[in-house]
Amino acid sequence: MQLPARASASVLLLCVTAWLHQELIWRASGSTVVGFYRKTCPEAEQLIDGVIRKRFALDKSITPALLRMLFHDAFVRGADASIMLDSLPGHPAEKDALPNLTLRGFDVIDAAKTAVEAVCPGVVSCADILVLATRDAVALAGGPRYDVPTGRLDSKVSIKDDALGLPSPSFPIEQSRESFLQKGLDQEDMVALLGAHTVGVALCGFFNDRLFNFHGTGEADPNMNPVLAARLSTVCPNPFFTESNADPPINLDQATPAVFDSAYFHQLVAGNGILQIDQELIGDPSAASLVHNFTSPDAFFPAFVKSITKMSNIGVITGSSPLGEVRFRCNVSNSHAHRNVKPAPRPQAKPRFAGRTHLTKPPNVPHESTGEVRPGAP
């Protein structure tokens, strides 16, 4: 018997709703635990740490690069390594979305995966490797070393347009708060995670308006330390009076930019916030109290550990969920894997006018990272 059109639509809606409900169950029913690989791959964390140590010795910017990649991964589909999948013909992936074009560090995650696969093939997920590698990089930069719950599976899909909703550093603080709340992160988490700006940089294009034409006044933002504004205006080209394409990166922590510490919060208290979201933290009464509290590493480090652990567990796929797998290679799902195929080259980007989110921005390092696009992460 043929159903009326309205009834057919209702049945379809019920099916879609049921599928979405089941996906949420599959993503939430499992859990990550510290020491998940203790029996199946006891060397995993040591192998990953070794790879990160070698890279950090050559390039300390790997810390903000991995923090930013983790933020961009977790804030889209969840901490499922979907950010690492290459696009397929007709199926563009998150990696090629505008906010992600200047992400760096894929090669070091690939190197860690290769090291682990040589000892424990098909056991450790790329999603877990990213979270563990980020922890190691933070510790090497002087930040806290903390236990990481593991047991994540890798997503089988990655959709380019999903990444377009990443929060921007130009968001007003209320909009930023809402973006974090939608991911289960409260205001304390937001401020603690923005503390990763202590090792981050941003292109001048992100904050030129604060230097040269704040709210259309033709003047600098009066809330920015005038000494800082004057110094930055000699480095950043004025886009309103020059056609220069220069867009140099600026350290968000002007005191100890290569060290993961609490100096970023001291900078905010002194009026040295560079991005709009940084400045708004100290201007918002409830957020400002957290900023002042986090000037102490004894307060900031535990809060950061709690918050990055929460972020790393957003939307995780675990257990026997059909949505996930342990990829053979991080840039391709197993159904499309060819062991002899190398990761596709990253596209070049000109991110001067791209929006960013706020977790971490890549520093002035040659390679594909000539600029920061959206985040940004802390």
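Keep in mind that glycine also has a Cβ here, set from the backbone N, Cα and C atoms.
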For the Ca(2+) 2 site that TrEMBL assigns to D253, T256, D261, which of the candidates T198, T217, T309, T318 is also assigned?
T198
Show which residues of the chain containing C41 (disulfide bond), separated from it by at least 6 in sequence, have their CB under 8 Å from its CB.
V116, V119, C120, V123, V124
Neighbour tally for H197 (heme b binding site), based on other Cβ positions within 10 Å of its Cβ
34
Same-chain residues at least 6 apart in sequence whose Cβ lies under 8 Å from C204 (disulfide bond)
L211, L232, V235, C236, P237, A246, D247, P248, P249, I250
Can you tell me how many other Cβ atoms are located within 10 Å of the Cβ belonging to C236 (disulfide bond)?
22
